[in-house]
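Chemist: Got a structure for you, written out below as structure tokens; questions coming shortly.
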Amino acid sequence: MIKVHNLKKAYNGTVVLNIESLEIPKGESFGLVGNNGAGKTTFFSLLLDLIQPSEGYITSNNIKINESEDWKPFTSAFIDETFLIGYLTPEEYFYFIGDLRGFNKADVDALLAKHADFFNDEILGKKKYLRDLSKGNQKKVGIIAALIGNPEVIILDEPFANLDPTTQFRLKKIIREIADDPNVTILVSSHDLAHTIEVSTRIVALDKGSVVKDIKTSEETLKELEEFFAV
Amino acid sequence: MFKKFISLEWKAFFRSSALTGNLVITILKIIGALYFMLLFVGMSFIAYFGAEDSGSEPLVAVNKYVLYYLIADLTLKLLLQKIPVINVKPLLTLNIKRSTIVNFAIGKTLVSFFNTIHLFFLVPFTIILVAQGHGGISSLLWFLGILFFIYCNNFINLLLDSKTNLLVGFVVIVGAIIGLQYYGVFDVTEYTGTFFYSLYSTNYMVAIPAVLLIVLWVITFKYFRNHLYLDTGLSKKHEEARTENYNWLNRYGVLGTFLKNDIRMIKRNKRSRSSVIMSFVFVFYGLLFFTGALEMYDNTFMHMFAAIFVTGGFMFTFGQFVPSWDSAYYPLMMSQNIKYKEYISAKWWLVVIGTIISTILATFYLYFGADIYLMIIAAAVFNIGVNSHLVLLGGAYVKTPIDLGSAKQAFGDKKAFNVKTMLLSLPKMLLPMALYAIGEGLIGKHWGVILVIATGVLGFAFRNTVFKMIEKVYKTEKYSTLHSYKQKN
């Protein structure tokens with residue numbers, strides 16, 4: 001589904017991301033781990049054409065991301081709060097995204113009903129604009145909005161951060177469900193090794209912009225990663 | 001401690017993206033400030049010698065209008081003054097006395113442009129007074145008295161900030177005063193004139209503004225000190241949100257989707273609401289020109305200038321910043337499957353609707369003659385046909401992020417309006433003015449209007465071409481726009 005070809009991103013000569021080749025097959029649940037500044041968000045931003053690669057390119061479904069926009073209909077993402085429209089209520093925001101992604105009101109409502117327990121009754125009908133929600137609740141909205149429109153590629157940056165333990169647990173369930181769908185490729189990044197291992201079938205660790213580990217998740221994965229990150 | 005604060009402010013100023021970003025605009029802003037300074041100095045001469053020429057005692061005549069001067073000052077402060085804040089949140093837990101923080105924040109407002117500008121009027125005027133044989137001490141007392149009132153306004157503005165309802169009441173009272181005077185029912189300036197004159201003629205009346213100033217200062221200080229907590233003065237006001245679906249817009253497809261959002265954006269954000277208020281003010285801007293109040297403005301050439309502003313206020317204040325209005329969530333927009341053409345059309349329709357509403361509101365100009373209103377209609381057509389495209393095209397290059405949620409309380413920052421917007425819109429005035437002058441001067445009566453309308457209609461033909469150009473700009477500038485929007489002030 002996603003292929004990385006000699007991808008390099010540099011700012012004023014400092015290389016922040018350098019991935020020679022990486023292939024993420026369709027249906028994979030892909031976990032990206034690494035320390036601050038390892039290049040996780042840079043990689044996701046490149047995947048969404050929010051920044052330009054210095055060299056090389058990424059293809060998604062054989063579409064060159066930095067040249068065509070045809071990847072947009074089947075890709076969705078939640079990176080940070082800049083993906084939320086602060087002055088909308090959660091409902092308005094979901095319907096807006098629905099309009100853009102070909103989901104009518106009923107479709108959106110069905111999706112929201114399905115994830116009612118994830119919202120924990122803190123989101124819908126609360127008479128609050130998104131900008132007035134807490135960080136954790138904003139994140140819930142962003143994550144569910146990224147599921148609207150049956151995307152084939154879902155990108156979630158640090159989805160577990162700011163969530164309370166119960167919601168983290170529910171989120172893991174949601175991601176695992178998505179991972180079970182052979183048509184959906186999901187990419188999740190996190191600082192939390194344990195969470196990532198639980199939801200991903202494959203884990204790539206980045207360090208200073210390069211891939212340092214690329215492992216299929218197994219019983220030993222956590223140990224292996226912990227050893228790597230422990231200094 | 002103050003020294004440290006000042007060095008923080010210094011850094012904030014010189015490292016702000018506004019200053020490091022665009023040199024040309026910074027220079028234009030400086031020129032604008034110089035212009036205002038000269039204007040005020042010039043005003044002091046005109047006030048004194050103008051009054052003298054008309055045969056009245058200058059100080060008496062000027063004092064009659066001091067009330068309006070102060071009201072105008074307060075109105076402008078309420079509408080335009082950004083309340084400068086030192087970024088207080090990080091300071092709260094440091095080893096700094098609360099009163100020091102508050103004093104600095106208040107002190108900062110005292111030296112703002114809106115206060116210092118008056119010195120450019122008051123100082124030369126007082127010097128003229130003394131030079132023309134008025135008593136030195138008396139003139140100085142008068143000067144201090146007026147200055148105290150100006151600073152009182154400063155505190156009133158601080159206290160009233162974010163209380164929009166009070167502003168409405170204020171406007172109503174001022175309107176009533178002016179109305180009563182205009183129709184000769186009750187002339188309040190008779191009394192206030194005497195009062196302001198007494199600042200000069202007695203030694204003790206200056207105590208009134210001085211005491212008033214001290215009282216306001218203390219109230220402001222106490223208010224801010226007591227509200228310097230995260231859950232009071234520094235907290236964000238939460239409005240009760242209501243979901244609005246605007247289902248009637250559904251039939252316009254994606255265009256409707258964007259229109260819905262834009263309407264919500266304008267309604268729910270202080271920044272965008274103030275641009276609507278400004279455009280409403282612009283509707284009345286023509287009064288300066290069409291009433292013949294100012295001789296230098298009373299010619300057809302300047303009338304056209306006014307007509308463009310009267311109808312295009314919203315277009316200029318809002319359109320100038322497309323797509324910056326969406327800067328807070330631009331990454332979302334850029335990763336969604338958005339049809340640029342529909343996105344641009346939605347904004348285009350919005351400015352067109354704004355122009356049409358302004359034109360309808362402006363029908364009261366019929367009072368000044370059908371020719372004047374004809375001119376306004378011509379300007380509206382030109383605005384819709386030509387300027388709407390130019391404004392959107394220009395906006396595509398403006399990469400200033402807009403902080404929609406800048407409606408914070410008390411110490412909040414309010415970026416209601418800026419000089420940049422005005423300056424950028426000047427070229428869009430000159431073309432219709434030239435067309436009008438050519439038509440009227442070289443061909444004959446009514447040809448000016450016909451020429452302007454014809455150009456406006458012709459502009460429609462290029463709509464799609466311009467939209468494609470804008471789309472191209474959005475695409476080529478995408479990465480740098482995304483980057484600039486990330487730099488929040």
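Cβ from N, Cα, C; glycine included.
According to TrEMBL:
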type	residues	note
TRANSMEM	B:21-50	transmembrane segment
TRANSMEM	B:62-80	transmembrane segment
TRANSMEM	B:101-128	transmembrane segment
TRANSMEM	B:140-159	transmembrane segment
TRANSMEM	B:166-184	transmembrane segment
TRANSMEM	B:204-224	transmembrane segment
TRANSMEM	B:274-294	transmembrane segment
TRANSMEM	B:300-325	transmembrane segment
TRANSMEM	B:346-366	transmembrane segment
TRANSMEM	B:372-398	transmembrane segment
TRANSMEM	B:419-438	transmembrane segment
TRANSMEM	B:444-462	transmembrane segment
Chemist: If we call contact 3 or more Cβ pairs under 8 Å (sequence gap 6 or more), are the transmembrane segment (B:346-366) and the transmembrane segment (B:204-224) touching?
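Modeler: They are not in contact.
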Chemist: Any chance you could find the range in B:62-80, B:140-159, B:166-184, B:444-462 with the most Cβ pairs under 8 Å to the transmembrane segment (B:204-224)?
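Modeler: Per the Cβ count, the answer is B:140-159.
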Chemist: How about the transmembrane segment (B:62-80) and the transmembrane segment (B:140-159): do they have 3 or more C-beta pairs under 8 A, pairs 6 or more apart in sequence?
Modeler: yes
Chemist: The transmembrane segment (B:140-159): which same-chain residues, six or more beyond its ends, come within Cβ distance under 8 Å?
Modeler: 59, 66, 70, 73-74, 77-78, 81, 83, 106, 109-110, 112, 114-115, 118-119, 122-123, 126, 129, 196, 199-200, 203, 205-206, 208-210, 212-213, 216-217, 219-220, 223-224
Chemist: Which residues of the same chain, at least 6 past either end of the transmembrane segment (B:444-462), have a Cβ under 8 Å from a Cβ in it?
Modeler: 300, 304, 374-375, 377-379, 381-386, 389, 431-432, 435-438
Chemist: Where among B:21-50, B:101-128, B:300-325 do we find the most Cβ pairs under 8 Å to the transmembrane segment (B:274-294)?
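Modeler: Stretch with the highest Cβ contact count: B:300-325.
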